[in-house]
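Enquirer: One structure is given below, represented as structure tokens, and several questions about it will come after.
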């Protein structure tokens, strides 16, 4: 009788837990995450706007639009290979430790401990820095929203001083920390809102911005123009300038390993973890390129974007592009403020998800 019951119990065991048992690893956490919830957290960690928006201006300045636009394609292409490799390993080792657990096993008994130690610390530092960058860029976006809501830099609008900027920064990190004290299901629910917020908001921005803009750059300018910003960047080497223009892509296309950190809490993690990793890369690669193209086609005056005396105080290039487009057509900044709020929401959700990943690491 016991012999007949054993296969039934074995079949009922979650496939991810079964794989952990094969590794001699005891299941510690409750499996409450579905594929969509895991994808939502992974997608929110990568985020559609939060990598592109803060670095768009500086990357554009290094080598012009062509390097920025094609840099995204190049980085997306190679990121897919990293994602495929990571998905394969995730399927074999669906553990919460993820990357540093994998490093320990794959490097072998001699180098495993050292590899795992290096991997864990690099990832920890990276995620802590990731929380900081999300809070900084989120505060930067909020600073532009306040400025355009109270006027403009030219019309006596309120540009948040450094002390207020720091308060906004600290407040965001504290809110994310408090929210992460709740059950993972609460975070997953917020991240489901996040994925729809970014997909719908992203479509609105990508479609509306080029349609609203009164002046648009030509395809030749967007895809072939190479402009060195030697006076402002101090970089005279063309190859180095191109590499620096890739920073926006390199920074944006990360965080897909968030799904791997949640595998011990995900149902069918040996399959759903890899699917989440690859799906989030694919969605961000397509949407991100569309967002970059929408911003670049809508540039009114390249040099004016960085002018400290412009409407956004030269502090935030995407905000100036949005302002030029909506003010040019409707003679007010309401549309730009709404779209900046959509972008700010993306920073809020992204910071929350990165904090979740950091907690798991």
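A Cβ is built for glycine as well, from the same backbone N, Cα and C atoms used for every other residue.
TrEMBL labels come from automatic prediction, so no person has curated them.
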Enquirer: According to TrEMBL, transmembrane segment applies to one of these ranges: 119-137, 138-156, 195-213, 214-232. Which one is it?
Expert: 195-213
Enquirer: Between 277-299, 300-322, which stretch does TrEMBL give the note transmembrane segment?
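Expert: Of 277-299, 300-322, TrEMBL gives transmembrane segment for 277-299.
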Enquirer: Match it up for me: which of 3-24, 69-90 does TrEMBL list as transmembrane segment?
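Expert: When 3-24, 69-90 are checked in TrEMBL, transmembrane segment belongs to 69-90.
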Enquirer: So what's near the transmembrane segment (195-213) in sequence-distant terms, Cβ-Cβ under 8 Å and 6+ beyond its ends?
Expert: 39-40, 43-44, 47-49, 283, 287, 290-291, 293-295, 297-298, 300, 321-322, 324-326, 328-330, 335, 339, 342-343, 345-346, 349
